[in-house]
């Protein structure tokens, strides 16, 4: 074991020597000679050496102008976020965007000391919950910022809008002279062009008060908030904060790379627990139960000895893409079958009875309204799809 450890150390040192020569742009002959020594040492370790090592690799041309456009994946993430939130039917929402570089540039031109950037950011990020006067008092009274500097910050962070605001700030005589801010504004302008092409620009707002995750985000940052939360009369609105968030963090993954190379990364997260709390409150306000199944229809029977008929019908519905199920009892009582639907939140019941079989129809029952209609068997699939095509909306 000691001999192997010593050999592994020789491999490590020789590897560092090869990498050093490459960085120094040594001659090809010298590099080849040292590489040969490295391979010889590795061969002594055996064929399994190195199989468990994980090396981060980045696209070779990602940082070459024209080869990689970071705003495309950023715009795609925002598109995905909007699609997810729309599909959940939790109400109208707005996605606020900003850029880490714009914030840093703004603080610099306003006169915020470097040592206070992060703490002033945390104050600014409260603007969605408290007034500007409260934020200013915190920055000046608690964090020692000069009042005139705070006022200058206030001129910027109280602004929000779309691409027109980006263009306006690109012409700002002070902000446009800051390299970081100029880069961030340029990327945001391009981002809004892509968001327009994706058809979601009306859901996005450039908000200079957004200042989240600045310890790791390196570029665009964003979060989604609900515009309203309906509640029962007399109740306070449910405060859940943002329901989704994300951004670009090009410097984070590179921390795990021995060479510290920058790895382009962008991502988003959905606040599942916060969304659940909204859905539960709204269902409670509407006096509706949370569905515990995706089943669209229960195949039930009104009399005994109709198990085979139930199996035939449920098979037909499955083949047509209908989410259907039946109780496993041979002769379940109709009342028990209807109660099961109410408890599970199944919206429809397809009831088979002796008379229905003679008439060639199926009795289709709405669990919520308890209304029943006879539907010809050949029209049943179409009728179920029609009734279940509209998603449950709780907004």
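One-based numbering along the chain as shown.
Keep in mind that glycine also has a Cβ here, set from the backbone N, Cα and C atoms.
Of all ranges given (248-275, 276-303, 304-331, 332-359), TrEMBL attaches the label coiled coil to 276-303. Across all of the coiled coil (276-303), the predicted model scores a mean pLDDT of 80. Each of the binding-site residues 216, 217 was assessed for Cβ neighbours inside 10 Å, and the highest tally belongs to 217. Spatially close to residue 212 (L-histidine binding site) yet at least six residues away along the chain are 125, 221, 223, 245, 247, judged by Cβ distances under 8 angstroms.
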